[in-house]
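Asks: Take this structure, written in structure tokens, and hold onto it; I'll ask about it next.
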Amino acid sequence: MTPLIFVTGGVVSSLGKGIAAASLASILEARGLKVTMMKLDPYINVDPGTMSPFQHGEVYVTDDGAETDLDLGHYERYVRTRLSRKNSVTTGRIYENVIRKERRGDYLGATVQVIPHITDEIRRCIDEATAGFDVALIEIGGTVGDIESLPFLEAIRQVRTERGAEKAMFMHLTLVPYIAAAGELKTKPTQHSVKELRSIGIQPDVLLCRSEQAVPDSERRKIALFTNVSERAVISCPDIDVLYGMPLELLRQGLDELVIVQFKLRDKVAAADLSEWAAVVDAVKHPLDEVTIAVVGKYVDHQDAYKSVAEALRHGGLRQRTKVNLKWLEAQDLERSDMAALQDIDGILVPGGFGDRGFEGKVQTSKFAREHKVPYFGICYGMQAAVVDYARHVADLDAANSTENDRQSPHPVIGLITEWRTATGEVEKRDEKSDLGGTMRLGLQEQRLKPGTLARELYGKDVVAERHRHRYEFNNRYRTQLEDAGLVISGKSMDDTLVEVVELPRDTHPWFLACQAHPEFLSTPRDGHPLFIGFVRAAREKKAGGKLLKEARA
């Protein structure tokens, strides 16, 4: 039976439960434990796949094609375990499962209720996702006191009652606000948050106190007294300059030891080696170079919509001790501009998106980068924009477009994928009338790279696998025509049916590459991703006015 750490949040949302949980997980992993993580989200959507990026932020995709909460991106950036559909569960999915069972007659005519049927299904999902691991951390979305979270809190209360403290731990993240006028940290919100938890039968074992500054020992003692939590289990989580330094901070305060002692794991663990995280923090704090990258997107007012892209760019810089400054530009604004915003930029990245709003701005951005020899990296919709640009302005295919935006285009160089093969070898089909949810080409897919190309050089191997999330694809009818016009197709699906990567010859452009997949989902601060590392290096070379003499390594 896997020991479980349940992480809840109080007072306000967005305190950083995911980062705190992932940081603890990284320490436990460094001590030799096999760790997994899970997110329980209280919203009624089955998954976030059809939710607006402005409301929910990024949709993070796992190897098996699950469309999940962006917190799973945090988890995978901090731990080595690759997550799956099992690790992201919503209220909508729980109810969908229960209703399906009721329709099948699995409940034998019983009245289906929140307790026990909904809570039992939550517990079943927890058991399924965490089996076979030494420790599992489970984040409960939302804030204690929200009506939506109650079934999840009841379910984890039942787990603790049945398994005991040696197999289930409650960790509560709460706000300790600093009142500048009084010059004091206030503990009352934390006391009330714990009181709310205790009213539903949950007594926290550990408190993580988020604040602008370190919580002094006197306040920690006060919090411990009023919340019935051991003083050594009241952990200070102040604001820090580098989020990737959180594992080092939590290790310093001994949070991992609390887990080891409560779960009696002493015989399984070694000393924690966080040298990789120390190197990451050092590279962030002491860069040797600096570049500015323009990110031309549709949802730039809500930058969480591109969370993994932003992090992957920074990871690419970390690997060469380079600070990456991001300049966020709204694609729609560029449609009516002279592209002055792209002057003095070291590199341009156009990320994914859906719909026609801002697409012409992305096409014009590709054209600008191509003509002005600015390093260009297109991802998903950014690749499609690059293909449309090349078709219109180089291959002379007037009015070329994607059928997503213009179904009457005389040259639909980007079209709907009607059939493709999944990672398991099964054939999936869809058409214009298919549901939006869960009908895309999703998950990890292999592709073969063309020898002698930039993509092949960056990856360093012939076959690679990347995660996908898209409905539209390069139209194969235009392959020959665009290749004859000079476009290089450097990556294709293993069955040669889908174009995965396009680029420009290096004798015509220093660095112009676009891919249909989402490589940002496989980038981590400790390893980076070859495409992002190569892109940042190209930006450095543009800034330096030529080839770099030597590589700086983190």
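Using the three backbone atoms N, Cα and C, a Cβ is placed for every residue, glycine included.
Residues annotated as active site, nucleophile in Swiss-Prot: Cys380. Residues annotated as active site in Swiss-Prot: His518, Glu520. What Swiss-Prot lists as UTP binding site is Ser13, Lys186, Thr187, Lys188, Pro189, Thr190, Gln191, Lys222. What Swiss-Prot records for Ser13, Asp146, Ile147, Glu148, Lys186, Thr187, Lys188, Pro189, Thr190, Gln191, Lys222 is CTP binding site, and it gives sequence analysis as the kind of evidence. Residues or ranges marked as Mg(2+) binding site in Swiss-Prot (evidence: sequence analysis): Asp71, Glu139. Among the features that Swiss-Prot reports, L-glutamine binding site is placed at Gly353, Tyr381, Gly382, Met383, Gln384, Glu404, Arg471, with the record citing sequence analysis.
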Asks: Cα distance, His518 (active site) to Met383 (L-glutamine binding site), nearest Å?
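Replies: It is 11 Å, counting Cα to Cα.
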Asks: So among Asp71, Thr190, Gln191, all listed as binding-site residues, which is physically nearest to Tyr381 (L-glutamine binding site)? Use the C-alpha atoms.
Replies: Asp71
Asks: List which of the recorded positions Lys186, Pro189, Cys380, His518 have their Cα within 10 Å of the Cα of Gly353 (L-glutamine binding site), in sequence order.
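Replies: Taking Lys186, Pro189, Cys380, His518 one by one, the ones whose Cα falls within 10 Å of Gly353 (L-glutamine binding site) are Cys380.
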Asks: At the Cα level, what's the spacing in Å between Gly382 (L-glutamine binding site) and Lys222 (UTP binding site), rounded?
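Replies: That comes out at 53 Å between the alpha carbons.
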Asks: Fill in the CA-CA distance, Thr190 (UTP binding site) to Glu139 (Mg(2+) binding site), as an integer in Å.
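Replies: Rounded to a whole number, the Cα-Cα distance is 18 Å.
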Asks: Relative to the Cα of Gln191 (UTP binding site), which of the recorded positions Ile147, Arg471, Glu520 has the closest Cα?
Replies: Ile147
Asks: Using only the Cα atoms of Ser13, Lys186, Thr187, Lys188, Pro189, Thr190, Gln191, Lys222, which the record gives as binding UTP, return the largest interatomic distance in Å, rounded to a whole number.
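Replies: The two farthest binding residues have Cα atoms 24 Å apart.
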Asks: How long is the line from the C-alpha of Lys188 (UTP binding site) to the C-alpha of Asp71 (Mg(2+) binding site), rounded to the nearest angstrom?
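Replies: Computed Cα spacing between Lys188 (UTP binding site) and Asp71 (Mg(2+) binding site) is 28 Å.
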Asks: Rounded to an integer, what is the Cα-Cα distance in Å between Ser13 (UTP binding site) and Asp71 (Mg(2+) binding site)?
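Replies: The Cα atom of Ser13 (UTP binding site) is 13 Å away from the Cα atom of Asp71 (Mg(2+) binding site).
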Asks: Looking at the recorded positions Ser13, Gly353, Cys380, Tyr381, Arg471, which sits with the largest number of other Cβ atoms within 10 Å of its Cβ?
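Replies: Per the Cβ count, the most surrounded site is Tyr381.
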Asks: Count, for each of the binding-site residues Thr187, Thr190, Gln191, Gln384, the other C-beta atoms lying within 10 angstroms of its own C-beta, and report the residue with the smallest count.
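Replies: Lowest Cβ count within 10 Å among the binding-site residues (Thr187, Thr190, Gln191, Gln384) is Gln191.
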Asks: Quick check: of the recorded positions listed here (Asp71, Cys380, Glu404, His518, Glu520), which one has the Cα closest to that of Lys186 (UTP binding site)?
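Replies: Out of the listed candidates, the nearest Cα belongs to Asp71.
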Asks: Counting other CB atoms within 10 A of each CB, which of the recorded positions Lys186, Lys188, Lys222, His518 comes out lowest?
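Replies: Output over recorded positions Lys186, Lys188, Lys222, His518: least Cβ neighbours within 10 Å is Lys188.
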Asks: Max CA to CA distance in Å over the L-glutamine-binding set Gly353, Tyr381, Gly382, Met383, Gln384, Glu404, Arg471?
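Replies: Value for the max Cα separation, rounded to a whole number: 14 Å.
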